[in-house]
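Here's what Swiss-Prot has on this protein:
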type	residues	note
ACT_SITE	Ser517	active site, proton acceptor
BINDING	Asp81, Asp123, Lys124, Glu491	Mg(2+) binding site
BINDING	Cys122, Cys195	[2Fe-2S] cluster binding site
MOD_RES	Lys124	N6-carboxylysine
Amino acid sequence: MPKYRSATTTHGRNMAGARALWRATGMTDSDFGKPIIAVVNSFTQFVPGHVHLRDLGKLVAEQIEASGGVAKEFNTIAVDDGIAMGHGGMLYSLPSRELIADSVEYMVNAHCADAMVCISNCDKITPGMLMASLRLNIPVIFVSGGPMEAGKTKLSDKIIKLDLVDAMIQGADPKVSDDQSNQVERSACPTCGSCSGMFTANSMNCLTEALGLSQPGNGSLLATHADRKQLFLNAGKRIVELTKRYYEQNDESALPRNIASKAAFENAMTLDIAMGGSTNTVLHLLAAAQEAEIDFTMSDIDKLSRKVPQLCKVAPSTQKYHMEDVHRAGGVLGILGELDRAGLLNCNVKNVLGLTLPQTLEQYDITVTQDEAVKKMFRAGPAGIRTTQAFSQDCRWDSLDDDRSAGCIRSLEYAYSKDGGLAVLYGNFAENGCIVKTAGVDDSILKFTGPAKVYESQDDAVEAILGGKVVEGDVVVIRYEGPKGGPGMQEMLYPTSFLKSMGLGKACALITDGRFSGGTSGLSIGHVSPEAASGGTIALIEDGDTIAIDIPNRSIQLQLNEAEIAARREAQEARGDKAWTPKNRQRQVSFALRAYASLATSADKGAVRDKSKLGG
């Protein structure tokens with residue numbers, strides 16, 4: 001029988017000092033012996049996805065205490081990728097994932113907590129907490145802050161839905177008036193919550209649901225809706241049950257590594273491909289799998305991407321549907337239900353509620369459930385009122401969207417495309433692979449060949465795009481922006497948005513060893529591995545070289561013979577200490593970022609730290 005970890009600090013005469021300090025936090029004699037559960041919050045006023053979380057940690061803590069546990073709350077950092085976008089701040093986004101994972105490990109192990117409730121929401125916070133959870137392998141439940149309501153405004157006598165990306169595109173489009181740009185900016189992000197499309201934050205919160213580590217509805221139920229409160233109350237109660245199951249009944253099925261098994265990871269990636277999730281999810285699932293000691297690689301993702309269709313299309317891939325519409329159509333379990341009927345899921349998995357996948361689908365798939373409370377929950381909709389308050393409204397759709405032929409979520413028969421929403425490409429400058437969000441690529445450019453325009457920083461590429469130096473047919477290559485080369489693997493949302501602003505969204509391709517925001521669409525290929533700074537062939541591409549992209553055949557090729565590539569590699573190596581570094585880039589890199597770069601692996605490894613350099 002496992003011993004409560006917290007007993008290390010609460011039992012025995014030699015722990016009198018620790019108990020004295022615990023008493024100073026409010027604990028009493030009756031608390032010593034109860035499970036100590038960490039409430040891992042991420043409240044900050046910097047991030048709309050987290051601005052409403054201050055009181056939610058207290059809500060969970062109160063439920064833990066009422067259920068027989070002792071709750072202790074702490075916060076992690078949280079970077080807003082949208083605010084950090086387009087300047088040096090973006091260098092810090094991906095590295096913050098490792099800091100979050102480490103900080104959770106530090107706090108939980110230093111104080112010997114028995115279990116955790118992780119209150120996350122945005123881009124690197126959910127992945128960081130997920131990595132920590134699988135590293136620590138103690139009982140955990142995730143409950144996120146929830147999606148933002150979609151922005152809405154009237155343009156050309158028509159009400160349209162908006163998000164952050166629309167504001168960026170309109171702001172950079174010289175054809176758009178100042179008044180219209182201002183109108184869109186003020187309408188794009190109306191409430192607290194993670195940005196309203198299938199961007200990285202919402203993608204990851206959907207994937208924690210598919211992994212079994214969060215409750216039904218977690219990925220899609222709006223931040224503002226009163227129904228979401230129940231997820232937090234349930235999490236506080238359920239984590240105590242999970243904790244006692246493990247420590248008092250020796251039930252290892254309560255542990256996250258047994259819930260988020262390899263089968264669960266495959267199901268999560270299948271969901272991601274079917275819903276056209278953010279390409280960043282590939283990085284994060286690879287990283288989380290390594291923490292769980294699961295053999296889950298780019299090869300597994302490639303195999304899944306070749307057989308899973310696209311069953312859901314959401315902003316930024318379409319303006320018609322946002323997360324509020326996904327929820328109305330049944331949320332994550334609506335998509336999983338269709339994937340199950342298509343025979344594409346492994347049903348031998350359980351979730352934090354203790355339900356198998358078939359049991360969960362029977363209760364929560366809106367096309368089959370008989371539970372009226374579940375149907376009511378999935379009718380939770382937006383209020384259209386600007387607010388930063390959680391649970392502030394109780395509006396509901398008049399009906400569910402259960403139309404699987406023409407609705408937001410489709411059945412296999414009526415799939416948006418037979419190919420899924422993500423694809424892995426390989427070629428002679430992406431030997432270890434690269435990623436494209438096919439859900440956002442127009443059919444007319446699934447095959448694309450053009451001359452390279454090479455830039456060694458995102459800033460230079462943006463200047464060239466806005467300056468008219470990139471023209472129809474070009475393949476924009478942005479390199480030395482990988483995990484090591486950036487360092488920090490910046491998102492390229494501004495270059496892709498500005499290509500659209502200049503009317504080139506369907507006329508150019510963009511390739512990078514950096515990454516893309518979940519808000520990116522278009523022929524945008526990222527995560528090229530190995531990256532330039534690690535000796536990747538992308539560092540050898542020159543202006544005018546022809547690059548051929550063939551998404552249907554999963555191919556990306558630099559059309560040069562091997563002898564020329566070898567000659568360029570030899571010339572690069574001859575640069576000595578300057579080899580595999582940008583020639584003319586001026587960038588101030590802090591010590592903290594240099595430390596990150598010294599251990600960073602390429603994207604095909606999840607951009608995690610290279611354990612071999614630490615002797616592990």
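Note that Cβ sites are derived from N, Cα and C of the backbone, with glycine treated the same way.
Here the features listed in Swiss-Prot are placed on the structure.
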residue : record                        : CB count, 10 Å
Asp81   : Mg(2+) binding site           : 29
Cys122  : [2Fe-2S] cluster binding site : 28
Asp123  : Mg(2+) binding site           : 34
Lys124  : Mg(2+) binding site           : 30
Cys195  : [2Fe-2S] cluster binding site : 32
Glu491  : Mg(2+) binding site           : 32
Ser517  : active site, proton acceptor  : 31
Remaining residues near the recorded Mg(2+) site, that is with C-beta within 8 Å of the centroid of the site residues Asp81, Asp123, Lys124, Glu491: Val79, Ala84, Met90, Ser93, Leu94, Cys122, Thr200, Ala201, Asn280, Ser517
Top Cα neighbour of Glu491 (Mg(2+) binding site) in the set of recorded positions Cys122, Cys195, Ser517: Ser517
Inter-residue Cα distance where the pair is Cys195 ([2Fe-2S] cluster binding site) and Asp81 (Mg(2+) binding site), in Å: 11
Whole-number Å value for how far Asp123 (Mg(2+) binding site) lies from Ser517 (active site, proton acceptor) (Cα to Cα): 9
In three-state DSSP terms, the structure that Glu491 (Mg(2+) binding site) belongs to: strand
Distance [Cα-Cα, Å, rounded] between Cys195 ([2Fe-2S] cluster binding site) and Asp123 (Mg(2+) binding site): 10
Where Asp123 (Mg(2+) binding site) sits in the secondary structure, as DSSP reduces it to three classes: coil
